[in-house]
Structures are given as C-alpha cells and as structure tokens.
C-alpha cells in the first residue's frame, strides 16, 4: 500500500502536484496550537519526502535541477503558513478598520508566500544532500532545520510556529527543549516524522540501510520521550513547588481593541484595572492587599504614565506596603538627536510601589516590524516617502534586556508580547532571574488560534530556560506556567477576570543554558554526516 501511494505521488506533475503539496503543508499546521495534532506529521512529512523524490527524478542537470525541489518546498511552506497564520488577517478588524477588510486574504497570502521562501530554501538545501536511499530523511531534517533557524534570525527574525512546536504536543515530548532548544527539536522531529516514507522502500534490494535508518529514527524518538519521563519524574506535582513569598494576581481586563486607545476611555480602563486588582474572589482573599505582585498586560495603561501623576496616585491608593504593580504602558523621553522638541517612544513595563514611585522599568528590545517600527525608516524618510507610512510604528527599541530585582521580591526578566517567541533571547544582563514576566495584548487576533500559539511559544521558553512564566494578556490567554512548561492555571480567551496563585519555583540551569549552541551544532553535524554517507554509498553502489 505504501509503495502504491508513493508511486502515485511520484507521477504527479503540474497543478495536481502543487495542490497536493499545498494541502500537505496546510494539514501540517494542525500539529500546532490549539489543535496539537502532532502525529499528523507522520503523514504529511513522508508525503513531502516522496514529492521531493519526484522532483529529484524529474530535475534536469545543472542549477536548474534544484528548481523543482525548491518549488516543492515553497508550495508546502505556503500551505503551512497560510493555514497556521490565517488569524493575522483579523488585525484588519481591530480598531474599526473596516475599510481594510477586503485586504485580509491578500495580506495573509503575501505573508505566507514570503515565509514560504524559507521552506523553499530548506528543500533546496535538502536537495543538495539528497539520495534515493533512506538517509534522505536526514537531508530533509538538515534543510528544513536550517531554514527554520534562518527564519528566526534573518532581518529581525520571525520564529513563530517553528516545526519543533509540533514535537511539543505533550509535556513529555516537549522536555527535549531543555537540552537542544526548539531548533534542536525541529531538527530531530523532522527526521522522526519523515521516517514512515522509508516504508515505501520495502522492495529495496538492500534492506539493512533502511532498517538501520528506521531504527535510528526510533532511537531519537525514544531518547526524547525517555528524557521527558526522566525530567518530569523528578518534578513536584503541578502547582506544588512554589515561591511562598511571591503570591501574585494577574489581571485580564478583556478591553476591546477598538476602544483601547480612545482618549476618552483611558480613565475607564484605569478604573477597570484597579477594580479587578482589588476584587475579593473568596473569603481568604482581601483584594489587592493579599498579593506581593499584581500584573497588568502590555499597554494596559494607554497613556504616558510618567505624565499622569493622578494615575500614579490612584495606583498608590490601590497598593498596600510591600505590594508591587507590574504594568505595561508607553514611555516617552526627550531625544536631542531628533531635533528641537524631539521625543523617543518605548513600549515599556513599569514596576510601581505603594507610594506611586516607579521602582524599575523595562523598554521592549525586540520590536514588531511594520507594527511597532518601520524597517529602514531612515531610508524611507530620506527618499521622501515617509508620509506613505505615517502611523506605522513610532517606537524605539530599548537598550538592553535588564534584570529587575526589587528588595523583598523575587527577581524577574520581562518579555513584552512578541519577545516571547525568540529562543535564547530571554535572559537579561546581570544574572539569572527567578522567573519570567510575559505581558502581551493579543486582542488584535480575537478568538483565533493566534493567542494559543503565542502562549505555546512562551511555554517553550520556560522549558528551555528552566524558569516559570507569569503571563498577563489583555484578552487572554493569561497563565502561570511552571519551569517544565506545564500550565498551572490560566484564564480563558476572551474573558474578563483575575488569576491568583504563587510563582512556581525555578529549576537549576538547563543543558540549553549551559551549551545549547554546542549541542545543536553537534546534532547538525551528525545529521549532515549521515546524509553524506548515504549519498556516497548510493553513488558507489556499495
């Protein structure tokens, strides 16, 4: 049966081939949050292997021989990103932008088409290492693994929905990220999920290479599962290992995006936030006085907090001695280099005490291109077309990621929104924090899969770093995640409320922190050697 299906796929050409490749990519997106149907890749990646086999057979000599494989990768990536990022178009519905609604499908298709270029590059790299033997699954892993790494680093990077997220469909299988990170999981996962393609090679006259390769793929999967069981076997039950001196309240105001930035609504927003912060949820919870930290979402206060002393006074009235409020708000400062009266704006988090004093602040370092800033903005202005992009961005990046350590409170590092998707970029200068604070506003994307995927990325940062994550989201999903990536508690998407709990305990430094680049490099070299060995064996006929 496997051989028959593979043979039919090999014979596909033209639009039927493109359609099958697109559908395989789109179905692969089901492996992502919130569906988490990771095993579907046991179907879709073998299909991709066979389709690349067909591209290799049909390809001409010279540089042109690479085009069919690259085109196959592009169509697969186009399907994957179109299905996985369809929710991006919902941003056009935010803030009453109804005139832009017709552009939704074009915007999503353009984003997917651009990101698919990375997948095309991945299958092109795989084609260079390809053979008709079983080690071609490692060639695919190297190619797509390299393209995913590049996607996370080229220009400002966009490592959203990395294929490694599919491996993390359970807490057990996700623990491998504590050793090799999400990019390592991507590399290993592609090889394992693609392995069923070798079942179509059953008539191979030399079965031992196929059996050995299948055994190696099984060993990689077993190592990941075994490590997950081992790591979690030493963990306390979910919610039991906590910092007793860090009782927190996360506020999820669920403020509509269309009303959020309305000037006349700012006092209403502040009232809602303070009321929720002081809510009595049970007889033992006496409102804000019961907590050491209260956390509000990204830009919870839609005004310049340092220019609103009345707001700071109101916050001081809310807090009791020893309680710190962590809130997102824009920040502004004079900028002499921008000319007379120039000002620089930041997307920031403020830590405020019971006197209304700002004890610490963090300015977002990794900004969203075309959302928070205009790429090549200076060049755009120099060309005289800056007015065309007026209203895009306007924020400046912060100087560095800093450790926030307030006496009497656990130290923490801040990830504002999009910063949580970048592996290896969450720790500050000045030491390892006790936990991570992730504030975000995913109200742009409604009740779509986007907020679920965003939370899943934050979960991976917890596993990689061995640090708990406290997450406050305007419309959800707010959550407390422990150092093993397990969700201790959460608030549903699209609901107003508060989430009370203790900050989970941190773990010792993970292997990822100690030497992630080394582990990942060794993993890549091993796979490259396997692919080259298989290619050489086929050429020599031995």
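Note that Cβ sites are derived from N, Cα and C of the backbone, with glycine treated the same way.
Predicted, not measured: the structure shown is a model, and the values here were computed from it.
For 47-63 (among others), the entry in TrEMBL reads transmembrane segment.
Residues 18, 21-30, 32, 48, 51, 100-101, 103-105, 107-109, 111-113, 115-120, 122-123, 160-161, 257-258, 443-446, 448-450, 453 of the same chain lie 6 or more positions beyond the ends of the transmembrane segment (75-94) yet place their CB under 8 Å from a CB of it. Summarising the annotation, TrEMBL assigns transmembrane segment to 75-94 (among others).
Long-range Cβ contacts of the transmembrane segment (106-130) within its own chain (Cβ-Cβ under 8 Å, at least 6 residues beyond either end) map to 25, 48, 52, 55-56, 59, 65-66, 69-78, 80-82, 85-86, 88-89, 92, 136, 138-140, 142-148, 150-151, 154, 158, 528, 531-532, 535. The feature transmembrane segment is assigned by TrEMBL to 106-130 (among others).
The transmembrane segment annotation in TrEMBL covers 137-160 (among others).
Taken from TrEMBL, the feature transmembrane segment covers 180-200 (among others). If one looks beyond the transmembrane segment (180-200) by at least 6 residues along the same chain, the residues whose Cβ comes under 8 Å of a Cβ in the stretch are 2-3, 5-6, 41-46, 48-50, 134, 137-138, 140-142, 144-145, 148-149, 152, 159, 162-168, 174, 210, 213-214, 217-218, 220-221, 224, 423-424, 460, 464, 511-512, 516, 519-520, 523-524, 527.
According to TrEMBL, the transmembrane segment annotation covers 212-230 (among others).
Across the domain 'CN hydrolase' (251-505), mean pLDDT in this model comes to 86. The domain 'CN hydrolase' annotation in TrEMBL covers 251-505.
Taken from TrEMBL, the feature transmembrane segment applies to 517-534 (among others).
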For the transmembrane segment (212-230), the distant same-chain contacts (Cβ-Cβ under 8 Å, at least six residues beyond its ends) come to 134-135, 137, 167, 170-176, 179, 185, 188, 191-192, 195, 198, 530, 534
